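Engineer: Have a look at the structure that comes next, please.
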Amino acid sequence: MRGRHLDAYSAYKRVASKDHINAYDREEGSVGLVNAKGIGNPSWRRSLPHMLVATLSSFLFGYHLGVVNETLDSISMDLGFSGNPLAKGLVVSTCLGAAFFGSIFSGWILDGVGHRRAFQLCALPMIIGASMSATTKSLWGMLLGRIFVGTGMGIGPPVAAIYVSEISPAFVRGTFGSFTQIATCLGLMGSLFIGLPAKDIVGWWRVCFWVSTVPAAVLAVCMEFCAESPQWLFKRGRGTEAEAEFEKLLGAAHVKFAIAELSKSDRGDELEAVKFSELLYGRHFKMVFIGSTIFALQQLSGINAVFYFSSTVFKSFGVPSDLANICVGIANLSGSVVAMILMDKLGRKVLLLGSFSGMAVAMGLQVTGASSYASGSGALSLSVGGMLLFVLMFSLGAGPVPSLLLSEILPGRIRAKAMSICMAVHWVINFFVGLLFLPLLEQIGPIVLYTIFATFCLLAVIFVKRNVVETKGKSLQEIEIALIPPQ
């Protein structure tokens with residue numbers, strides 16, 4: 001099969017990889033050799049349905065993150081642990097711990113069974129776990145259900161990020177990648193609104209868990225009709241099937257060209273098993289280090305402390321928790337929509353720099369609000385306004401960009417396993433920030449703690465400026481050749 005495209009492959013190899021990438025950079029609005037051949041861009045409408053189905057996993061991720069926010073008190077009363085703060089913490093943390101283990105194994109699952117089956121393996125524990133939580137009569141049943149759900153939550157994000165990047169045309173890959181963040185926001189807001197009656201209707205929390213089984217079942221069923229990633233098929237030597245999926249995603253006119261692009265980055269080692277040691281040193285280490293560091297800085301900025309404990313801050317100023325969660329959700333969703341619009345216009349690096357810079361400023365406002373220089377309405381405006389600005393700026397770049405960027409810069413051979421390692425770092429930092437935020441807030445105070453968060457935001461700006469490359473408008477194969485020249 002590959003011999004059929006040997007001429008195109010040879011033509012590519014006559015051009016030095018760096019010059020090849022620079023040539024694309026000089027062409028405004030270029031999306032690769034598709035335009036160079038005068039064919040034009042493939043239709044984004046072909047890959048849109050496949051992307052939307054994949055983002056159901058992100059919706060479920062957001063839904064299960066927020067489903068216990070409004071319902072935890074009702075759950076604890078019905079299951080008999082209302083006076084046990086440790087048990088309440090376990091209902092939340094067991095899900096995060098299971099997500100860590102799910103994310104670690106996601107890369108091996110994806111490489112082993114492909115994207116479609118990986119999505120279904122993500123949906124299955126979510127259906128089982130949500131059903132167990134909805135029907136349980138004890139704390140232990142709830143915790144077991146949360147472990148199943150958390151496992152699916154850990155598998156979903158890396159698989160979705162990689163799948164969307166691999167099925168999307170280059171000129172809309174950033175826009176499509178942003179849909180995963182929007183879906184997460186919608187899931188969070190959906191769980192909030194569905195959980196509102198839980199305080200007034202006995203047993204309503206069970207309905208909240210049952211509801212989540214519907215999108216999970218839709219994801220599992222619809223994946224039977226979605227395209228498999230052509231890159232994954234090509235790596236497995238299944239070139240004919242890869243061509244068929246490219247035709248489904250891009251149209252017949254673009255198939256030959258897309259296969260040639262894949263051949264261009266083929267180093268002959270695609271079928272070799274990826275060793276864990278390859279991710280920790282050698283020529284792949286830099287990309288894994290960049291990805292892990294970006295995720296670590298994302299979490300060390302304090303974003304999940306804001307998400308988890310924003311209602312506590314709002315309550316201290318007399319703002320109801322329901323209103324607080326709605327405001328935070330609207331800020332998060334609004335920024336994500338703007339990011340979707342700008343992702344393929346301004347680029348990933350610009351959004352990351354602007355996002356982390358804005359987050360540092362927002363933390364500065366919260367520091368001022370917590371200081372003695374502000375009091376009364378001024379402190380309220382600075383603290384609440386700073387928090388909402390922080391969430392808005394996060395959703396403009398630091399939220400949606402890292403997973404998209406990693407799915408672009410990681411070489412195809414190690415992409416799945418390297419992404420799972422980076423996501424595992426994300427979950428570890430997430431866990432410890434959530435665990436230590438309140439104790440640190442009590443011991444060192446908000447001024448010092450928020451200053452630490454702002455410092456990490458500024459460190460992120462410096463790191464992104466020095467280490468992140470722009471990937472806007474380039475195919476995954478162009479990016480791979482530019483970052484890792486053939487040996």
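Cβ atoms here come from the backbone N, Cα and C positions, even for glycine.
What TrEMBL shows for this protein is this:
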TRANSMEM  47-66  transmembrane segment
DOMAIN    50-472  domain 'Major facilitator superfamily (MFS) profile'
TRANSMEM  86-110  transmembrane segment
TRANSMEM  140-164  transmembrane segment
TRANSMEM  176-198  transmembrane segment
TRANSMEM  287-311  transmembrane segment
TRANSMEM  323-343  transmembrane segment
TRANSMEM  350-374  transmembrane segment
TRANSMEM  380-406  transmembrane segment
TRANSMEM  418-441  transmembrane segment
TRANSMEM  447-464  transmembrane segment
Engineer: Between the transmembrane segment (418-441) and the transmembrane segment (140-164), do 3 or more CB pairs sit under 8 angstroms, pairs being 6 or more residues apart?
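Structural biologist: They are in contact.
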Engineer: Does the transmembrane segment (287-311) reach the transmembrane segment (176-198) with at least 3 CB pairs under 8 A, where each pair is 6 or more residues apart?
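Structural biologist: Stretch pair does not touch.
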Engineer: Who are the long-range neighbours of the transmembrane segment (380-406) in its own chain, taking Cβ under 8 Å and residues 6 or more past its ends?
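Structural biologist: Cβ under 8 Å, 6 or more out: 157-158, 161, 164-165, 173-174, 177-178, 180-181, 185, 291, 294-295, 298, 301-303, 306-307, 310, 313-314, 317, 319, 327-328, 331-336, 338-340, 342-343, 348, 351-359, 361-366, 368-370, 374, 418-419, 422-423, 460, 468, 471.
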Engineer: Could you please provide the mean pLDDT value for the domain 'Major facilitator superfamily (MFS) profile' (50-472)?
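Structural biologist: Taking every residue in the domain 'Major facilitator superfamily (MFS) profile' (50-472) and averaging pLDDT yields 87.
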